[in-house]
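Some notes on the structure that comes next.
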Amino acid sequence: MENNNLQPQSVSSGKTILGLNVELIWGLVGVLFFIVGDGLEQAWISPFLIEKGMVIEETATLISIYGIAVAVGAWFSGVLAEAWGPRKTMLAGAILWIVGQLLFLLVALPTMSFTIMIPTYCVRGFGYPLFCYSYLVWITYKNNPKTLATAVGWFFVAFTGGLYVVSNLFASFMMPIIGSVGLLWSALVWVLIGVTIIILTVRGTIHGNIGAKEQFKILLSGITIIKKNPRVGVGGLVRLINGTSQFAMPVFYPLFLSQYGISTEQWLQIWALVFFVNIFFNIIWGIVGDKIGWGKAVQIFGGFGCGSILLLMAFAPPFFNGNFAAMMIVGALYGAFIAGFAPLTALVPSLEPTYKGATITMINLGAGLSSFVGPLVVAIGINKLGAQGILIFFTCFYYFSILLMNYVKKPEVERRKAQKKAELNGTPVVETEL
C-alpha cells in the first residue's frame, strides 16, 4: 500500500468558520437535501406496504435486505471516493438511487411484486451511502485537521437533520395533502436538488489523475487496511457498538414504555426529540474532542455517557411511573450522548492519512452492520432477558467500547503528548496527522 503515486493531492485549505472549511458548506447542503429525499418513507413504509397487501414478515425481510445493501454501499463509498474522487462517486450513487426509486414507483408498487420490490428498493439502499459517505471522505481531506472532529460533527448535523428531522416533518405535513405515493414521488425532487448542488459545487480529486492499477490498489485497501493497521478495524467495531442501541430501540422500547402508560404517539415524540438534540451535540462533542482529544471524548461521552444513559433508560419508566416529561428528558440525554462517538470519524482516518477512504470504509461498514446487530440482539435475547436485560446488555457493550478505545487512540495520545512537550520546550510545533 505504500506508494508515492498515491499521496493525497487534496490538502486542507481555505477559510474556516465554526471549525468547517467554507468550501465544504454547499456540499453539506447538497447532502441534506439528498438524505431528506431518501428518508421520507422510513417511518411509515412498513405499515403502508402492509395496507397494500404484504405481510409483516415480508416487510421485515425487505427492510433487512435493504440494510444489507446500505452496509455494502457504505463499505464501497470510502474506497471509491478515493479511487474516483468524491464527485464521481456521489453522482454514481445518485444515479443508482434515482433508478431504484423510479423502478420501485413504476414497477414494484403497481404490481406489489415482492420479487421485484427487493432489488429495486435495495438499489436505493446501495446508492445513498455512496452519495452521502463519499462526501464525508472529502471532508476528512479538505478540512483543517485541528478542527476535523468539529467538521465531522457538521456532516452529521446535515445527515441526521435531513434523515430524521426534516424528512419526518415534511412527511407529517404533506402526507394528508399528497398521500404516501405522492411523498415517494416528491423524494425525487429533494434528491435532484441535492444532486444539482453537488454538481455545481464539488470539484477535485483526492489522488489526482491515477491509472487503473492505482485505483485497484485503493479498492483493495478497503480490505488490507485492517491487516496493515488493526486499530482501524477496532475503530470500525467501536462504530458498530455506537449504532446498535439506536437500531435496537424502536424494536422493543415502545412496547416496554407502553407498560407504564406511554402511548405510541408519545414515544414518537420522545424519539423525535432524541435526534433533534443529537444534531446539536454532534457539534458540541466535536468541538470538545478537538480540545481534549478525539479518543478521550469518545470514551467519556460516547462509551461511558451513552452506556450510563441506557442503564437509566432501563429503570426510569418504572421509577417515574411512566411520567412523560421525565421520559422526554431521558430521551434528550440519550440523544446527546449517542453523539459522543462523533469524534471517532475524525480519529480513525487520522491513523492512515494516505488512505483515509479505506478507514472511512471501515467506519461506514461498522455503521451499516449496527443496523443488523442491534435488532439481532433483541431478537435473540428479549424473551430471556426482557427489555431491562437488553438495555443492561447494551450498557455493558458500550462500556466495552471504552476499553477498545484505549487501543485505538494510542497514536493520538502520543502525538498530543509530543506536541505539548514541544510547546513547553519552546520548540515550534509542526501540525501533522497521525
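Every residue gets a Cβ built from N, Cα and C, even glycine.
If you look at the transmembrane segment (20-40), the same-chain residues 6 or more away from its ends with a CB under 8 A from one of its CBs are 12-14, 94, 97, 124, 128, 131-132, 135, 138-139, 142-144, 147, 150-151, 154-155, 157-159, 161-164, 166-168, 170-171, 183-184, 186-191, 193-198, 200-202. Annotation comment: TrEMBL describes 20-40 (among others) as transmembrane segment.
Long-range Cβ contacts of the transmembrane segment (61-84) within its own chain (Cβ-Cβ under 8 Å, at least 6 residues beyond either end) map to 45-46, 49, 92-93, 114, 117-118, 121-130, 132-134, 136-138, 205-207, 210, 214-215, 218-219, 221-222, 355-365, 367-369, 371-372. According to TrEMBL, the feature transmembrane segment maps to 61-84 (among others).
Here TrEMBL flags 90-109 (among others) as transmembrane segment.
Nonlocal intrachain contacts for the transmembrane segment (121-141), taken as residues 6+ away from its ends with a CB within less than 8 angstroms of a stretch CB, comprise 8, 10-12, 21, 24, 27-28, 30-31, 34-35, 38, 62, 65-70, 72-74, 76-78, 80-82, 86, 89-90, 92-101, 103-104, 108, 148, 151-152, 155, 159, 194-195, 198, 202, 206, 345-346, 349, 356-357, 360, 364, 368. Residues or ranges marked as transmembrane segment by TrEMBL: 121-141 (among others).
Positions annotated as transmembrane segment by TrEMBL: 147-171 (among others). Beyond its flanks by at least six residues, the transmembrane segment (147-171) meets 16, 18-21, 24, 28-29, 31-44, 132, 135-136, 139-140, 183, 186, 272, 275-276, 278-280, 282-287, 289-290, 294, 297, 339, 342-343, 345-347, 349-350 of its own chain at Cβ-Cβ distances under 8 Å.
Summarising the annotation, TrEMBL assigns transmembrane segment to 183-202 (among others). Non-local neighbours of the transmembrane segment (183-202) in the same chain are 26-27, 29-38, 40-41, 86-87, 90-91, 94, 97-98, 101-102, 104-105, 109, 131, 135, 138, 170-171, 174-175; each lies 6+ residues outside the stretch with a CB under 8 Å from one of its CB atoms.
Annotation source TrEMBL lists domain 'Major facilitator superfamily (MFS) profile' at 231-434.
The feature transmembrane segment is assigned by TrEMBL to 268-288 (among others).
Here TrEMBL flags 300-320 (among others) as transmembrane segment.
Within the same chain, residues 136, 140, 148-149, 151-153, 155-156, 231-232, 235-236, 238-239, 242, 245-246, 257, 262, 266, 269-271, 273-278, 281-282, 284-286, 288-290, 294-295, 297-298, 300-303, 305-306, 308-310, 312-313, 316-317, 320, 359-360, 362-363, 408-409, 412 sit at least 6 positions outside the transmembrane segment (326-348) and bring their C-beta atoms closer than 8 Å to a C-beta of that stretch. Residues or ranges marked as transmembrane segment by TrEMBL: 326-348 (among others).
Marked as transmembrane segment by TrEMBL: 360-382 (among others).
A Cβ distance under 8 Å defines the sequence-distant neighbours of the transmembrane segment (388-408), meaning residues of its chain 6+ beyond its ends; these are 231, 234-235, 237-238, 241-242, 244-245, 248, 252, 256, 295, 298-299, 302-304, 306-308, 310-311, 313-315, 344, 347-348, 351, 377-378, 381-382. What TrEMBL lists as transmembrane segment is 388-408 (among others).
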